[in-house]
Amino acid sequence: MGISIVIFEICLLWGQILSTASQSRSSTPDWWNHGGTINDVIYDTQETPEVTTTQVPDSTSIGTDSGLAVRLVNGGDRCRGRVEILYQGSWGTMCDDGTDSGLAVRLVNGGDRCRGRVEILYQGSWGTMCDDSWDINDANVVCRQLGCGWALSAPGSAQFGQGLGPIVLDDVACRGHEAYLWSCSHRGWLSHNCGHQEDAGVICSDSQTSSPTPGWWNPGGTNNDVIYDTQETTETSQTSSPTPDWWNHGGTINDVIYDTQETTEGTDSGLAVRLVNGGDRCRGRVEILYQGSWGTVCDDSWDINDANVVCRQLGCGWALSAPGSAQFGQGSGSIVLDDVACRGHEAYLWSCSHRGWLSHNCGHQEDAGVICSYSQTSSPTPDSQTSSPTPGWWNPGGTNNDVSYGPEQTTDATDSGLAVRLVNGGDRCQGRVEILYQGSWGTVCDDSWDTKDANVVCRQLVCGWALSAPGSAHFGQGSGSIVLDDVACTGHEAYLWSCSHRGWLSHNCGHHEDAGVICSDAQTQSTTWPDMWPTTTPETTTDWWTTKYSSSVPTTQFPTIADWWTTPSPEYTCGGLLTLPYGQFSSPYYPGSYPNNARCLWKIFVSSMNRVTVVFTDVQLEGGCNYDYILVFDGPENNSSLIARVCDGFNGSFTSTQNFMSVVFITDGSVTRRGFQADYYSTPISTSTTSPTTFPIVTDWWTTPSPEYTCGGLLTLPYGQFSSPYYPGSYPNNARCLWKIFVPSMNRVTVVFTDVQLEGGCNYDYILGFDGPEYNSSLIARVCDGSNGSFTSTQNFMSVVFITDGSVTRRGFQADYYSTPIRTSTTPPTTFPIITGNDSSLVLRLVNGTNRCEGRVEILYRGSWVPCADDSWDINDANVVCRQLGCGSALSAPGNAWFGQGSGLIVLDDVSCSGYESHLWNCRHPGWLVHNCRHVEDAGVICSLPDPTPSPGPVWTSPPFVNYTCGGFLTGLSGQFSSPYYPGSYPNNARCLWNIEVPNNYRVTVVFRDVQLEGGCNYDYIEIFDGPHHSSPLIARVCDGAMGSFTSTSNFMSVRFTTDHSVTRRGFRADYYSDFDNNTTNLLCLSNHMRASVSRSYLQSMGYSSRDLVIPGWNVSYQCQPQITQREVIFTIPYTGCGTTKQADNETINYSNFLKAAVSNGIIKRRKDLHIHVSCKMLQNTWVNTMYITNNTVEIQEVQYGNFDVNISFYTSSSFLYPVTSSPYYVDLDQNLYLQAEVLHSDTSLALFVDTCVASPHPNDFSSLTYDLIRSGCIRDETYQSYSSPSPRITRFKFSSFHFLNRFPSVYLQCKLVVCRANDVSSRCYRGCVVRSKRDVGSYQEKVDVVLGPIQLQSPSKEKRSLDLAVADVEKPASSQEVYPTAAIFGGVFLALVVAVAAFTLGRKTRTARGQPPSTKM
């Protein structure tokens, strides 16, 4: 009877585990041998229950401890047969309950195990699947089952070739959450109506990232004492993964160890940590491997800080709780640690303060446990650079010899036997480049090695983009072959060996020229620098101690200080550009001593509408704040306020006011210590004006944990689970927990609440779900007691907030989340209801419009759809509606039943929103069903754009792409831009140009966060130009998937987005920021002169005094002599004097001069002449300032961009004698308005031309609803008239005042002016009307944008009037006797390209509640 019980337990447990795990792992067991001998073989995967061993102690824990093993016998090969388990020293069989005996899945013919044709092992044979109904949900199940991440695509039509044998399944319909593919709905086994030409395939996210087969395959030899450690590669035995390379036909394998473990991590020899008895590897009793035995930890002083260290060490996220009292059962053996006291930032548990090894005063009833955030989710493989795993082959009873093969760096390959890795850099994303070729690792020569080559390596290793491409064996000299030389990549290749090169093994260099790479992801990891350098003494050079520093590159390099008095040492790197939403950085060599005379700059640049918070977790510097210190700036280093100066012993945090922060670490020439370590993260900039009603205990995982509990966190896996604190125990009072769920792009987030037991009533304890960031997204739902259900976001980001009051706690809640791909529909529904309210019975929609984002406003109230009245209805109310429906911002708020009259009750009237409410019914109103109007006053809304990302209601299709706008002129210090309709599909045949201009002597950096375009760089692409696009060199062409950053050499950059006529995708999103350039030289192009300045210290470094620098031939003229200050030599150079030359060519005007410093007397010279060339280049409306220095060896180039000054004013009459000086300027409707514009510049040979003037009811939108006065020089309005002017530099014109109909309150006028060379009849100013196609891809004229106004029209009465409007109509007076409204006009002087605005404003009923002036309702 006892034996029956034991067998029954094994059947249940192993039947369950093997059905979930053994079919998701694949490796050749190490004990398999054809004709050979196997000794001391250990097969350890730990995350699955598969453990095969011949020398293990007994174990009481079924399925995890090393006393268990599994094998397949009597099947003919190692991957089939009867399942037998080694239990208590004897092999036994396993019953088949729940295991789906004989079922397995694999992907073949795809190049790696995570992509290919889907095949299922059924009844002993591999068969294929038909692609009928095959989609991304089905593919997700396959990817998850194989441990390959999530699905990128689900190709059909035998994309990976036609299979053989039976077609096993057809019409598969998965929901996406099934554990096995055969658990999905399908037609039936072997039932189908298709052929192999329809075989289904899958491409998973982990494709091309797994380690390839190493080249030391031994088909007939002997391998002794081999350790093969892949750490991250775990496969199912049924997949077509490669056979391990130690496979031996006819040979002998001794002491073979195959290690894919994920649950033990360590650094000290013999130390490791694991969690047992918790159901998965991320929860359970804490055990430490010490002196060859596993022991427990006592729970004295055990808290969340200690648990956080364990979770991070195991790659299990962060700690949810730290249970004690042997919650996961009592352990056996020694109690290894007691009184553990971690700060929470230690790398290893044993690094924390503790009582001492094996010293304790407790028993196993106090064994400590941990529950990590990744528990019950698909736990990711811990990054190799963040922890050092203790090999899972540790065998206290066996023998292991010392030969180890452990490719700890990530390798990536496609061709058989080819792979790339980075070594000797401290983590997998930086180091010496090595390629696996013909079975051996070899290096790459640095001839022609540059950032383009490095970018290919970084992208291939999934390490971001390249920060630098160091050569000269920066990461130490390699050994073995030099595999490649003269590598010349374009930067877009998929693999390094796809680039042009000299040929395999062909080179003319030595290992002292080995190439290296530093990728962007390397800077975001903990920079713990190991002793990686060779111990041999390099050849001594004469200038090895010189500090290498350049502000133009993102990293700073210094020589290592060890033994500096005898031998040179390899260099290290510090500083960098950090662009991820969170990460970590530290001083060089941390936790070792930092070097002397260091200056490291970290630029932390996160997404717009976010702030940066830096938390210093460990600061140990030289005492005194004048020697070694850290500076924190609120933006770029050279032009931002100093937030803090951090000195020795300080721990704390600082937050920026924007999305950019600079951190500078400076040390002096003596005394070095441990250094510092810091974490950073981004948080949304709150737009809320009121503080939360409850105190935020913990809102993010990076926040310092509460002494009692933690809650909330950042969830980035494609699926997972979270719950209230202490669930299923009672949650705490006054809690506020925020979970940020961020899944892969082109996916939505769905949260399913499986258990919700809160205090009754929705005003006390509740859960809020937001469609994006908490503070600037619409509320999806308010979940209260008993409200089980699911909610889906419209994007790949959802925020969930749990709030409790000060009394009554209950069980809490538990929720699952998962991601699903965004799909589109071909037929839009006629109405678009979306449940968004606090009350599930309230629904908002827009009807009778052309899409879901415009129409009559209707609310579902008590089961019926009812409209809203237009009394007090304005743009603020409309903004709330648009944001609530995910439709952008409001363009207008038409009333008077513009979209037709509704029927039934009128639910709301006199709605008065501030514009920031989350729901329309949260705005002020008299009450439900309280009104004094009829359906002729039904309110409507027109939103900016239909959202191409459907909401969780009915799906819809974007309207035809006919009236979109893209591109623009960006002048802020930082900002963001994206492709049209992003994240929806961009349109075909798009030509979008963004011109980014920042202040003089700044540089522009653009960071591409997301690039998803049509594959192939000849169809849809982004081009980055180092200045205006039509006259500047191309920096880069960005194609599908090629994210990265690019920096201009001037203060101007152009970005052009081009698409062809077919295939559209998600598009791109980019941020830009500006950074101050070096101050050696400086050039400004002003309206009357150039101002060139040169640093005196720079002149001195070149061997010249400040008086040696002159304008050649003009040094005797007083006006051409420089002003010499304490720091600079400043020249004021007129455009028409001091030797300035003027050259006109191809629609440009160049003003050039140069400065010179030279030896003026003597027979010989030992100093090089110094020439500084300066020029101001005008491109129609843009000044291009260039400054460069030539002195035979040193060239410094400065490029700046500026603008014309333009004065534009209203005049009283056509004589243009008297400008309007009153403000406001009152005019009648249809009154003539006279304007004069003049370009301000000392050069008199310029001309000004009015190219386009467009009117709009909106100040910032001149595309949706416009009226043209003149366009491209072609007059469109009958009242427009130009006048002769006394000078080509002046232009004069007039038009009659007007206003738009349909209650648009304002009219804004935008004019584009062109600057040309006077008397040049070929220029734009003399060509008049030019008809140009909408998407002309040829060169075009840049213009000066000027917006005039405002002009306010006041109605003579406050009575309601109904106005009919055709969108393009402009109202004219009915008769000359009619009383016209008047308008107030403001004019002024504006910089060209700076918008100056003219508005004709129509008012309506007074709304004193908002503090606005009275206006008239029409």
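Cβ from N, Cα, C; glycine included.
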Quiz prompt | Cys282, Cys298, Cys429, Cys445 - which one Swiss-Prot pairs with Cys362 by disulfide | solution = Cys298
Exercise. Take the C-alpha atoms of Asn1115 (N-linked glycosylation site) and Asn1207 (N-linked glycosylation site) and report the distance between them in angstrom, rounded.
Key: 35
Quiz item: Using DSSP and three states only, what is Asn651 (N-linked glycosylation site)?
Solution: coil
Self-check item: Residue counts (helix, strand, coil, in that order) that DSSP gives for the domain 'CUB 3' (966-1075)
Solution: 0 helix, 57 strand, 53 coil
Practice problem: According to DSSP, folded down to helix, strand and coil, what is Asn1115 (N-linked glycosylation site)? | Solution: coil
Quiz item: Counting Cβ atoms within 10 Å across all protein chains shown, which of the glycosylation sites Asn638, Asn651, Asn848, Asn1115, Asn1207 comes out on top?
Solution: Asn848
Quiz prompt | Cα distance (Å, whole number) from Asn638 (N-linked glycosylation site) to Asn651 (N-linked glycosylation site) | solution = 25
Practice problem: From the glycosylation sites Asn638, Asn1150, Asn1207, pick the residue whose C-alpha lies nearest to the C-alpha of Asn848 (N-linked glycosylation site). | Solution: Asn1207
Practice problem: Measure from the Cβ of Asn1150 (N-linked glycosylation site) and count the other Cβ atoms within 10 Å, all protein chains considered. | Solution: 16
Quiz item: Could you tell me the C-alpha distance between Asn638 (N-linked glycosylation site) and Asn1150 (N-linked glycosylation site) in angstrom, no decimals?
Solution: 31
Practice problem: Kindly assign Asn848 (N-linked glycosylation site) to one of the three DSSP-derived states: helix, strand or coil. | Solution: coil
Quiz prompt | Residue pair Asn1150 (N-linked glycosylation site), Asn1207 (N-linked glycosylation site) - Cα distance, angstrom, rounded | solution = 23
